[in-house]
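Q: Have a look at the structure that comes next, please.
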Amino acid sequence: ITPASMTIVFLGITIGTIMTMSSSNWLMAWIGLELNMLAILPIISKPKTTRASEATTKYFLTQAIASAMMLLSSTMNAWQTGNWSILELKNKFSTTIMALSLMMKMGAAPIHFWLPEVLQGTTLQTALLITTWQKIAPVTLMYMISNNIQPTILVSAGILSMIIGGLGGINQTQLRKMMAYSSINNLGWTLTIMAFFPNMALMNIFTYIIMTTPIFLTMTNMSTKTLQNLSTTWTTSMTMTLSIALLMLSTSGLPPFTGFMPKMLILNELISQKLTTLATLAI
């Protein structure tokens, strides 16, 4: 890919996300997401391997289905309410379909199946892009409609994401798959608190993005893709290995690292809302 085409692709990704975040109309938000999706496809398929082509196809199909669900939901809502405003999503059925489509876009359980596979088939830089930047637009839309979504849906998806993210990462030796399950787990925390305190959900996702970025950049720098690679880097670069270990502990939410702060605040909020059972499940 030439530098000019790469510039166009990255412009597409950036403009698509900004367009979705700043729109107040469902059609403009949908166009932004479509532009974003079409722009990232050449980046995923850049390595000329069968695995990369498979990852591109999986990403395209899931995102296209999610976009179709999003259009269906907004059209049904417009049919009933007479407007396309994002904040006017009043129809319960439309809200549920919209919530599911956004969960599919960001890779939250139970529609998470594509994320580990796509990440495994791409380069580390692209995996970083999918787990950070690509989450911003759907999370923003979820934040905007969070008052209209039934808390049961968000909490159920959140708890399921936490369980799948936690268990899925246990038996992995591939670092990209581990990071995918870590992303699913973190989205679980984000969705659970989104039902009660949307601002804290935003803080949680942005803290995760800030922590994940250096992990992927360090892995890229050391060319490590498996746990076996990581265990042998101690001899060549002790600082890098120590950094990545501490960053991973922080991402998992271990005190006294940064990653523990949003989790502690979320648990505190759930307990103060008399949702002790939910807080216990989250732990």
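Yeah, the Cβs are placed from backbone N, Cα and C, and that goes for glycine too.
Note that the coordinates shown come from a computational prediction; the quantities given were computed from them, not determined experimentally.
As annotated in TrEMBL:
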DOMAIN    23-281  domain 'NADH:quinone oxidoreductase/Mrp antiporter transmembrane'
TRANSMEM  56-76  transmembrane segment
TRANSMEM  96-115  transmembrane segment
TRANSMEM  152-170  transmembrane segment
TRANSMEM  191-217  transmembrane segment
TRANSMEM  237-257  transmembrane segment
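Looking at the shown structure, can you explain where the listed features end up?
A: Under 8 Å from some Cβ of the transmembrane segment (152-170) lie the Cβ atoms of residues 96, 99, 103, 108-110, 112, 116, 146, 177-178, 181-195, 278, 281-282, all in the same chain and six or more residues away from its ends.
Beyond its flanks by at least six residues, the transmembrane segment (191-217) meets 103, 108, 124-125, 127-128, 131-132, 135-136, 139, 142-143, 146-147, 149, 151, 154-155, 157-159, 161-162, 179, 182-183, 243-244, 247-248, 250-251, 258-259, 261-263, 265-266, 269-270, 273, 275, 278, 282 of its own chain at Cβ-Cβ distances under 8 Å.
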